[in-house]
Amino acid sequence: TLTGLIIAGWGWLTNLIVYLIEEFNVKSIDATQISNVVNGSINLIPIIGAVLADSFLGSFHVVSISSFFSLLGIIALTLTATLSHLRPQHCGTGSTLCHAPSKLQLAVLYTGIALASIGLGVVRFTLASLGANQFDSPEDQGVFFNWFFFIFYSACVVSSLGIVYVEDSISWGLGFGMCAAFNFLGLVIFFLGNRFYRHDKPQGSPYTSLARVIVAAIRKRNVLVSSESKYYYHEINDGANKAVAATPKRSFRFLNRAALITEGDISSDGSIAKPWNISSVQQVEDLKTLIRILPLWASTVFLATPIVIQTNMTILQALAMDRHLGPNFKIPAGSITVVVLISSAIFIALFDQFLYSTWQSLTGRSLTPLQRIGAGHVFNILSMAISALVESKRLNVAHDNHLQDQQGGAAAVVPMLALWLFPQLIVVGMGEAFHFPGNVSLYYQEFPVSMKSTATSMISIVIGVAFYVSTAVVDLIRNVTGWLPDDINDGRLDNVYWTFVVLGLLNYGYFLLCAKFYKYQNLEQEAEVNTQI
């Protein structure tokens, strides 16, 4: 199921920049900005799916509906590629007389992109939650996430190589049509496996209970906090949850007032009489957990932002470089970032099979999610430095061959192999093999039980915010500097990369500070239970 849906979604998304430039006559930097907005939306939409899955519909129904939306969107994109009146007249290479798309053409294009984005955005991480729900222990769930991302990246590789090649070399219509076929196949397989799944049951909105904690704490701001358990409210099912303490923890003590029992809060039968005036100890601790994770979450946003910009700019670099492998094969520009996917898939498997087990045998403990995320930071900074050096060399070659100030806006092809881009992409893939599964494991294991779909969507939200931040950063750089003109041969993309090396070091320092003061909640409790057993 995951393979079919990801091949379908990645097939149109990976090549979107090239499609906009070549088929809809969009300028290169504008195309990357559109791509940023689309990718940002795709990665923010999962929170909507998570809310629906956790609170109302369950993961199975959310995946089913979003997959159907994806299918409709890809069909619309296929129509724009196959029907000539749904796209503008083709703009010749170097021509300055390019026709802009009409309102109807843009309406169909953006409708297709919107529907396909909703489907791809929601299905990925909701499907991850549904899969993790099939396992009970955090260790098994961690292994599942490693292999979930391995399959995810492998499907992206197949799509980026196969589907994108068909789109670039044979036909956009055929390529998008293949995406629709894979989407349909994945949906059918998903339905066929329905009777084997362990279905999660929605338990009402956990977000309402979190809001009640804040409201109750504010209303009781003048009540003295007690250290005795008998003065705090515990729900009946709290006792079965090993994550619940007898009294709220001392951190964020202001919130502890929300669980204090005052006159009129509890009915004679033990039920809550005023829902917005009291919360359980469990609900208070759930909110504290989210607050503790937020600083780490913020550091991941600024980890992902350089990766987003690097991905888009690498495609523009590839368009301005020699992409031939031998006399007859030319690497599609949209496929160049497949190196990241291949690298990530390979290193996720290698780390899971060798590195993590070796680390455990040497140290006697597993590599923690925060340690894995920290390693990802280091590799990301290294990748930015390599990117800066490679781009500096490319600009020197362009200058030596007088390939600057070309007419028509598009950058001239520099006599330098696109293979030079591979090292930076391999290194960023190694970083993703550390920090993406690490982040998902951290959120899933630390978040409240009632918010597991939200937990797996948190990394997607990080990426979505990063895409919007990257859009703002690129606009700022274009307005303040001359580093990013439409013709990148006239710019200084290398300076952009060096800037992110510096910002990456600062962000890494911030992450280390947050990690130093962070205390695991559910992981520590799981370890305590295992020790007792």
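Even glycines carry a Cβ here, placed using N, Cα and C.
Whatever TrEMBL says is automated annotation, not expert-curated.
Per TrEMBL, these features apply:
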TRANSMEM  62-84  transmembrane segment
TRANSMEM  104-123  transmembrane segment
TRANSMEM  144-166  transmembrane segment
TRANSMEM  172-193  transmembrane segment
TRANSMEM  290-309  transmembrane segment
TRANSMEM  329-351  transmembrane segment
TRANSMEM  410-434  transmembrane segment
TRANSMEM  455-477  transmembrane segment
TRANSMEM  497-515  transmembrane segment
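Same-chain residues lying 6 or more positions outside the transmembrane segment (62-84) and placing a CB less than 8 Å from one of its CB atoms are 5, 8-9, 12, 19, 23, 49, 52-53, 105, 108-109, 111-123, 126-127, 130, 171-173, 175-177, 179-180, 183-184, 186-187, 190-191, 453.
Segment contact is absent for the transmembrane segment (290-309) and the transmembrane segment (144-166), given fewer than three CB pairs below 8 angstroms at sequence separation of 6 or more. Residues 2-4, 6-11, 14-15, 124, 128, 131-132, 134-135, 174-175, 178-179, 332, 334-335, 337-338, 341-342, 344-345, 348-349, 351-352, 436-437, 440-441, 444 of the same chain lie 6+ residues outside the transmembrane segment (144-166) yet bring a C-beta within less than 8 angstroms of a C-beta in it.
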